[in-house]
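For reference, Swiss-Prot has these:
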ACT_SITE  His89  active site, proton donor
BINDING   Phe22, Ala57, Tyr58, Glu59, Ala81, Val82, Ile83, Phe114  5-amino-6-(D-ribitylamino)uracil binding site
BINDING   Gly86, Thr87, Arg128  (2S)-2-hydroxy-3-oxobutyl phosphate binding site
Amino acid sequence: MNIIEGNIRATGKKFALVVSRFNSFVVESLVEGALDTLERHGEVNSQDITLVRVPGAYELPIAAKKLAEKGTFDGIIALGAVIRGGTPHFEFVAGECNKGLAQVSLEFGIPVSFGVITTDSIEQAIERSGTKAGNKGAEAALGALEMVNVMANIEGAE
């Protein structure tokens, strides 16, 4: 039996972070977590990281698609925060963001890591951006690092 796995070292690999400006008080902590993870754990050089800012989570998929079309990135990490309000807007934005990012990954065959937190309250968002519940930006970066290696290992497998 052949087992294909990945590790989190990605020296020489190129990553793009697509980041929502909306709810920046939470998202900036996700960005810090992702960058720290890429550089410290993944050993990715800061020159191999591109950060793209978009207005909100709904715009993340189209920016991720444009980056994937370039063919220069090994992995893309999408970061944002969608916090439930009093209208159905939350479901539309969160759902379309999720579907769009998954479609980019499947269409272009590169990992697109989902670091968009979807919460019922501001308190939950803060918890998931670096306090009680860890940092979902760091977790998304770890997933991207591992998947970049998994994809390379699948490509090289006999």
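These residue numbers are counts, starting from 1, taken along the chain as shown.
Even glycines carry a Cβ here, placed using N, Cα and C.
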Cα-Cα, Phe114 (5-amino-6-(D-ribitylamino)uracil binding site) versus Arg128 ((2S)-2-hydroxy-3-oxobutyl phosphate binding site), nearest Å, comes out at 14
Neighbour count check, CB within 10 A, over binding-site residues Ala57, Ala81, Val82; minimum at Val82
Phe22, Ala57, Tyr58, Glu59, Ala81, Val82, Ile83, Phe114 bind 5-amino-6-(D-ribitylamino)uracil per the record; greatest CA separation between any two, in Å, is 16
Students should find that the Cα atoms of Ala81 (5-amino-6-(D-ribitylamino)uracil binding site) and Arg128 ((2S)-2-hydroxy-3-oxobutyl phosphate binding site) sit apart, in Å rounded to an integer, by 10
Around the Cβ of Thr87 ((2S)-2-hydroxy-3-oxobutyl phosphate binding site), other Cβ atoms found within 10 Å total 8
Closest by Cα to Tyr58 (5-amino-6-(D-ribitylamino)uracil binding site), out of the recorded positions Gly86, Thr87, His89, Arg128, is His89
The residue listed as 'active site, proton donor' falls, by DSSP collapsed to helix, strand or coil, into helix
